[in-house]
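Visitor: After the structure tokens below, expect a handful of questions from me.
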Amino acid sequence: MADRVEAAAGDDYTQDGTVDLHGNPVLRSKRGGWKACGFVVVYEVFERMAYYGISSNLVLYLTTKLHQGTVSSANNVTNWVGTIWMTPIVGAYIADAHLGRYRTFMIASLIYLIGMSLLTLAVSLPSLKPPKCGAGTADPGCSSEASSLQLGVFFLALYILAVGTGGTKPNISTIGADQFDDHDPRERRHKLSFFNWWMFSIFFGTLFANTVLVYIQDNVGWTIGYALPTLGLAVSIAIFTAGTPFYRHKPTSESSFAKMAGVIVAAVRKCAVAFPADPRELHELDDEHYAKKKTTPLPHTPHLKVLSKAAVKTTAAATSRWSLSTVTQVEETKQILKMLPVLAITFVPAAMMAQVNTLFVKQGTTLDRHVGGGRFEIPPASLQGFVTISMLVSVVLYDRAFMPFMRRATKNPRGISVLQRMGVGLVIHIVIMGIASVTERHRLAVAREHGIADSKGTTIPLTIFILLPQFVLMGVADAFLEVAKIEFFYDQAPEGMKSLGTSYAMTSLGVGNFLSSLLLSTVSHVTRRHGRPGWILNNLNASRLDHYYAFFAVLNCVNLVFFFLVCRLYVYNAEVSRVVDVGGSGGGGKLKPKEVAMVDGSV
């Protein structure tokens, strides 16, 4: 009891409402900070090894072992990856409203491990995969397809894994960000760097998967190639669990979806009610209510005024969530809904990213993969490692050089605003697809020169490293766009809906992958009408991927125009609850809430 009294007044305790697993206030020196984040970041390294150990080479397993065609294998990959990134919205709901982020994560991680284990069995047992095919076998043309049972077990394992990911992905990054108290100026500055280093850990694990694991799968065997990431996942769960005594936890709150639904229903029911001249007449709970929850009420804002009618007091006696909402509930709903246009803008670049582990990899299978004229052949999927390397270098340079320089120039704590960082990434995506189109046109020209355009499986005398620019630039684009997405959706989400906000970043990748499947199927179908050969065939040497990539470049340009419009209309959240030190230790000034809103509102 004495600890709780001290917690209410002592500066050594966190002020953002974080507690331990038993609901007790936590000392800043004992829990959280980079000490706790160390376990979280190490977990992410191993978990990314596991995930990318499967996804990076999945399209080749589907084509070479399960004998699927180009379109079907690519779509199966993007549909699965899309599901991987869509399920986090369910995991975020369960975490925010019911189990909490830590418990949701622990349960989901076990489901994840079960899926990985079953997948390892599916690629190991002879009865769960078709017989070998190709030259020197009973099926030289690889015409025998996998049975329904074989496909069923394989995809069941993949989608069990996807369910587990739904509970881990939206919560692990949020758990990491929760280790920094926004009410403490020093910890707040540390959080600005957290998301950069978070992405660093992700792509460090990815690098191992795209080099070592992919090589093992192509040259040693799929069994050990899948068993190793499964073991890595088990290790990562153990590491995360070991850090339990050091974590800070945000308490659960009312369901984000229920609060938003209540606001929308109440606003619709009172659409004809006059809005009061003074916003202070709107319904709100007293400050003592929020003080007990260690949260801050949100002030009324003029945008999306139609939703504010949910907080208009009427003579009716009913005060249920479906008839009357607080100003804070209304503003939370506004903050979530106003991010939807930004979310929609991210779908197209996410569809571009889906090409990295599908069509880009398939292109690599047609090229000369020898390195230095020796016997060593680089696996096509290993080119994804260059995405990782360029991402790692770009993140470090951004955090250590670009951001400090721009911070001095713009006086913005982030250097440039998050939306500006997104915009740079979108421009790079246009460049990527333009380069990919030109490179593919050159690849097809060389195939025609050597008379192998109609020969499926024949290697084109052209080094695989001609694909390097599009992979490297994709990593640079990720350093801008992907980091900005995570930071934006976490930062702009209301306090009680952080997991839901973070799930937006995952959802954009999910929708982007489904969009990639839709575009690939549609373009393949449309371009084959009226007897035409089509752009995407099983024989890539006879396909026209150059046209397909050019179409993507145009689509990115259109998306960029809409992005500029969204940026112009978007209003950043004002920070009204605290004073934030944005200077250095040498006496930089402190900004008052209104000034912070102006800094964060710069686009």
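Backbone N, Cα and C atoms are what each Cβ position is placed from, and that goes for glycine too.
TrEMBL: automatically predicted annotations, no manual curation.
Copying in the features that TrEMBL gives for the protein in this structure:
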type: TRANSMEM; residues: 107-128; note: transmembrane segment
type: TRANSMEM; residues: 148-166; note: transmembrane segment
type: TRANSMEM; residues: 195-216; note: transmembrane segment
type: TRANSMEM; residues: 222-247; note: transmembrane segment
type: TRANSMEM; residues: 342-361; note: transmembrane segment
type: TRANSMEM; residues: 381-398; note: transmembrane segment
type: TRANSMEM; residues: 418-439; note: transmembrane segment
type: TRANSMEM; residues: 459-481; note: transmembrane segment
type: TRANSMEM; residues: 502-527; note: transmembrane segment
type: TRANSMEM; residues: 547-571; note: transmembrane segment
Visitor: Are there residues at least six beyond either end of the transmembrane segment (502-527) with Cβ under 8 Å to its Cβ atoms? List them, or say none.
Guide: 71, 74-75, 78-79, 81-89, 91-92, 169-170, 173-174, 339, 343, 346-355, 358, 482, 485-486, 489-490, 493, 534-536, 544, 548, 551
Visitor: Are there three or more C-beta pairs under 8 angstroms joining the transmembrane segment (195-216) and the transmembrane segment (222-247), sequence spacing 6 or more?
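Guide: Between the transmembrane segment (195-216) and the transmembrane segment (222-247), which are separate recorded stretches, there is contact, as judged by 3 or more close Cβ pairs.
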Visitor: Below 8 Å between Cβ atoms, which of the listed ranges 107-128, 381-398, 459-481, 547-571 makes the most pairs with the transmembrane segment (195-216)?
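Guide: Counting Cβ pairs under 8 Å, the winner is 381-398.
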Visitor: Which residues of the same chain, at least 6 past either end of the transmembrane segment (547-571), have a Cβ under 8 Å from a Cβ in it?
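Guide: For the transmembrane segment (547-571), the list is 301, 303, 338, 341-342, 345, 348-349, 351-352, 355, 359, 419, 422-423, 426-427, 429-430, 433-434, 436-437, 440, 523, 535-536, 601, 603.
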Visitor: Can you find at least 3 Cβ pairs under 8 Å between the transmembrane segment (381-398) and the transmembrane segment (107-128), where each pair is 6 or more residues apart in sequence?
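Guide: In this chain the transmembrane segment (381-398) does not contact the transmembrane segment (107-128) - fewer than 3 Cβ pairs sit under 8 Å.
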Visitor: Counting CB pairs under 8 Å, which listed stretch among 148-166, 342-361, 418-439 touches the transmembrane segment (459-481) the most?
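Guide: The stretch I would name here is 418-439.
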Visitor: Using a Cβ-Cβ cut-off of under 8 Å, list the residues of the same chain that are 6+ residues beyond the ends of the transmembrane segment (342-361) and lie near it.
Guide: 55-60, 73-74, 77-78, 81, 380-381, 383-384, 387, 419, 422, 425-426, 429, 432-433, 436, 467, 470-471, 474, 477-478, 481, 485, 488-489, 504-505, 507-509, 511-513, 515-516, 519, 545, 548, 552, 555-556, 559, 562-563, 566, 570
